[in-house]
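Notes for the one structure printed next.
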Amino acid sequence: MEGHRFQVGWVFSVFPLCFFLFFFPAHCFYLPGVAPEDLQKGDPLYVKVNKLTSTKTQLPFSYYSLPYCQPERIVDNAENLGEVLRGDRIENSPYEFKMREPRMCNIVCRKVLDKKTAKAFKEKIDDEYRVNMILDNLPLVVPVRRFNQENGVVYQHGFHVGLKGRYAGSKEEKQFINNHLTFTVKYHKDPHADSARIVGFEVKPFSVKHEYKGEWNEKTRLTTCDPQAKRAVTSSESPQEVEETREIIFTYDVEFQESDVKWAYRWDTYLLMADDQIHWFSIVNSLMIVLFLSGMVAMIMLRTLYRDISKYNQLEIQEEAQEETGWKLVHGDVFRAPANSDMLCVYVGTGVQFFGMILVTMIFALLGFLSPSNRGGLMTAMLLLWVFMGLFAGYSSVRLYKLFKGTEWKKITLKTAFMFPATVFSIFFALNALIWGQKSSGAVPFGTMIALVLLWFGISVPLVFIGSHIGFQKPTIQDPVKTSKIPRQIPEQAWYMNPTFSILIGGILPFGAVFIELFFILTSIWLHQFYYIFGFLFIVFVILIVTCAEITIVLCYFQLCSEDYRWWWRSYLTSGSSALYLFLYAAFYFFTKLDITKPVSGVLYFGYMLIVSYSFFVLTGTIGFYACFRFTRLIYSSVKIE
């Protein structure tokens, strides 16, 4: 993927194109991806190396942190902001091919291990690290045959640094390195020309203790694999052990295989992994249940409210309003400003910022702009959209603040611009210090941290102020009923209307709308798999919005019927409590699905999931609040109140 570090200009250029494609559908490949390259026979192919990854530690390392063979000069590939934050470190390698020219037993280099290098290899083998490589923007995969599945083959990203095993008759476990790689480059040939395009990049790793006659020199021929004798490596029967003073010879084969897969569909192999049927069935099943529940809730609410409003209006006509009951009784207090109203305004503004970021990101993803072929594009887009959505955050928070008859709008603006980002940045900085202490490539460089701060202070904060200024200039939102001067006493509530209980109950349904999809999202993040079903994710997002709105409205209605008018904060916390269930599910996932043993990796997992849960709280809380805000204004403007 070509570009400049922190390259952000493409985001501005794709906005008009997005809307054009939305209204005028066209057949095209991934945008903005890498343009197809037509290769002639004999054209050079350069393999790039990426980070070493492990699902056991979640700490990436650069490829050359291990004493692998190096080219004459290591060149860092240009990376965008998203790639840097992901820990990608793309560099050149000594693996170079020529298009459609197979090679057998090509010697890369010879290494003699000392105590330090042997220890480094052993540690990475024990932690099950995988080597990631890239050719023509395609990640390297290892085909694994599974006989119990229809397609028979699944693909794992990258190959293991090595494996652990025992010699026959020995109980001592040893580490063996994968030092021979058999690459397969798949290509699709142009039927009208001699050119071809790369559509696949696979490898089969082997551990081989290479042997040769005489002393080592540049012209030494191996006896374990020899292109002249047509002797190839096909197994790891005599593996290469990792020990101090041991000699390791790195070799590779490369073969080219014609494929019927066209260049535009080459990513399908990587995206269509395993368990597709289970995935689709689970998602559809979950959505159907939530839709059914939402439909029932909507019908109950519409019938109940229609009956209530009709009854209250008839009571007015019959002059029986002296015995008011239910939600109409608290009409003089329902729009009274809540305690800590400033903080509520800040949280609502931040939630609007999140909602805008996620909505636009979803649209980009649906249009194919954020496919996995655009490495780092998703994170870059989300960061930039968050920054620009500060305009709506400032506007929303100050509009609500003015409703509460506030006058110090600059104070609210500062809190909106700094409270949530400062909290997240503090956690992120602490986690980054831990990663840096482990000397991992996942540690965000100081220059990138400065760039993030500049995006925050240079663009986001000014936009929040602009939005706040616009919002404060707007006329104050008028309440449908007048607020009495003396607050009404709230009667004793039933046990099931206890705030803590109702808030915790309210979060179950929104969480139920997303938890199956959440499993696949967590798997893609922590088990290093691609996530690509943005169509279903968008549907789940819509269902989440509907569910948050309906459950909050229902509980708000019951609360007002029991003559408790303190709905402002409770409406936010009711749907926002789903974030608690998200965090608990993340803990369950950690202990049941992940094999993380290092304390630092555990801290990283729960630290990042805390940020995700906090963000989910702000998003769902804001959705519930606005639903309840609209609901209360609607019902109190629909009845006759003297």
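Keep in mind that glycine also has a Cβ here, set from the backbone N, Cα and C atoms.
A quick note: this is a predicted structure, and the numbers were derived from the prediction, not measured.
According to TrEMBL, the protein carries these features:
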type: TRANSMEM; residues: 280-302; note: transmembrane segment
type: TRANSMEM; residues: 344-370; note: transmembrane segment
type: TRANSMEM; residues: 376-395; note: transmembrane segment
type: TRANSMEM; residues: 416-437; note: transmembrane segment
type: TRANSMEM; residues: 443-466; note: transmembrane segment
type: TRANSMEM; residues: 503-527; note: transmembrane segment
type: TRANSMEM; residues: 533-560; note: transmembrane segment
type: TRANSMEM; residues: 572-591; note: transmembrane segment
type: TRANSMEM; residues: 603-629; note: transmembrane segment
Among the ranges 344-370, 416-437, 443-466, the one whose Cβ pairs under 8 Å to the transmembrane segment (603-629) are most numerous: 344-370
Seg_contact(the transmembrane segment (572-591), the transmembrane segment (443-466)) with at least 3 CB pairs under 8 angstroms, min sep 6: no
Contacting positions for the transmembrane segment (416-437) when only residues 6+ beyond its ends and CB under 8 Å are counted: 59, 345-346, 349-350, 390, 393-394, 397, 443-444, 449, 452, 456, 460-461, 464-465, 468, 600, 603-604, 607-608, 610-611, 614-615, 618
Same-chain residue ranges lying at least 6 outside the transmembrane segment (503-527) that approach it to Cβ under 8 Å: 55, 58, 279, 282-283, 286-287, 289-290, 293, 533, 536-537, 540, 543-544, 547-548, 551-552, 555, 570, 573-582, 585-586, 589, 593-594, 605, 620, 624
